[in-house]
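According to TrEMBL, the protein carries these features:
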DOMAIN    4-304  domain 'Deacetylase sirtuin-type'
ACT_SITE  His128  active site, proton acceptor
BINDING   Cys136, Cys139, Cys196, Cys199  Zn(2+) binding site
Amino acid sequence: MASIHGPITDVSEFHEVLKSSKRIMALCGAGLSAASGLGTFRGAGGMWRNHQATSLATPEAFEQDPGLVWLFYSYRRHKALQAKPNAGHYALTELSKEMPDDFITLTQNVDGLSQRAGHPREQLKLLHGSLFDIKCFDCDRIELNNYDDPFHPLLAIDSEEDSRLAPAENTEQARAAYEDPNVDTTTINPDDLPHCPDCKAGLLRPGVVWFGEDLPEDTLDEVSEWIEKDKIDLILVIGTTATVWPAAGYVSEATSKGAKVAVINMDGLDGELGAASNLRDDDFLFQGDASKILPEILKPIIGELEGVH
Ligand code: APR
């Protein structure tokens with residue numbers, strides 16, 4: 001049943017809008033991969049809160065304690081490789097195949113699960129890079145699709161309880177170590193971390209976009225080009241608090257091109273929906289697990305997903 005005042009929660013009403021939509025965009029966040037067992041950053045079940053993920057995801061943190069930042073990313077690579085894509089990823093893959101020119105997915109996720117679900121590469125825009133790209137901190141070197149686990153023997157992490165992952169303590173110790181070379185630190189000596197094979201001087205680092213860094217220019221250009229081409233009928237805002245910019249700005253870019261908004265999120269209007277919180281009466285809100293909701297709401301176009309849970 002649709003409520004008198006929006007957003008609409010009725011699946012059959014959404015199906016009608018979906019079927020009449022010519023150009024569709026999706027903006028995805030960590031919630032898409034939650035059913036695969038990967039933690040989100042904020043909102044219900046944000047597993048990194050205790051680890052202060054946002055304070056580790058900066059170039060400054062890497063400069064201060066590259067060993068600690070690498071351990072954090074090594075753990076995330078390990079977890080992402082253990083995880084399997086879920087039905088939400090596969091549903092988006094199918095929609096992409098059905099609409100090769102008229103559906104693009106912008107993802108903030110760096111976990112590689114959409115790629116492993118077979119999402120056509122040219123329809124997947126990695127706004128925040130990938131855990132599996134390795135860059136040099138100093139020069140332009142970038143290596144794509146490195147799935148070594150661990151990336152380096154010193155970076156092997158078997159559990160979240162690994163004492164080397166306690167950020168505050170270790171960062172403090174690391175700071176003390178810089179001031180006094182006799183102070184011991186439990187994080188890794190930067191000299192022992194992998195260095196760039198090209199420039200030799202720079203440390204290698206994960207190819208993700210850290211706070212304060214620019215998003216990949218080519219990717220942003222491709223997205224703008226797609227957006228500018230024509231009007232947009234629908235934007236699916238999936239599993240994201242839509243609070244991190246410029247990614248969150250794509251919601252209003254889509255609505256300014258005529259799009260209706262459909263939010264798919266574990267949280268409802270009383271949660272944090274950021275740039276997608278001002279839903280209008282003819283927008284949609286589907287509260288729950290994206291891995292259950294996406295196959296259901298996209299069914300008129302993608303049909304039944306076979307053998308995926
Ligand atoms: N299905 C749908 N939504 C879910 C599910 C689920 N199973 N589980 C959690 N969610 C929702 C949460 O309610 C929350 O709104 O997913 C959202 C996750 O939000 P964030 O943790 O803020 O993740 P995201 O929006 O991707 O963060 C953006 O922040 O730290 C940076 O670079 C990082 O790309 C990341 C960016």
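Using N, Cα and C of the backbone, Cβ positions are placed for all residues, glycine too.
The Cβ of Cys199 has fewer other Cβ atoms within 10 Å than any other of the binding-site residues Cys196, Cys199.
Within the set of recorded positions His128, Cys136, Cys139, Cys196, Cys199, His128 have a CB atom less than 6 Å from some atom of ligand 1.
Taking each Cβ in turn and tallying the other Cβ atoms within 10 Å, the top scorer among the binding-site residues Cys136, Cys139 is Cys136.
Mean model confidence for the domain 'Deacetylase sirtuin-type' (4-304) is a pLDDT of 90. Recorded residues Cys139 (Zn(2+) binding site) and His128 (active site, proton acceptor) have their alpha carbons 19 Å apart, per Cα-Cα distance.
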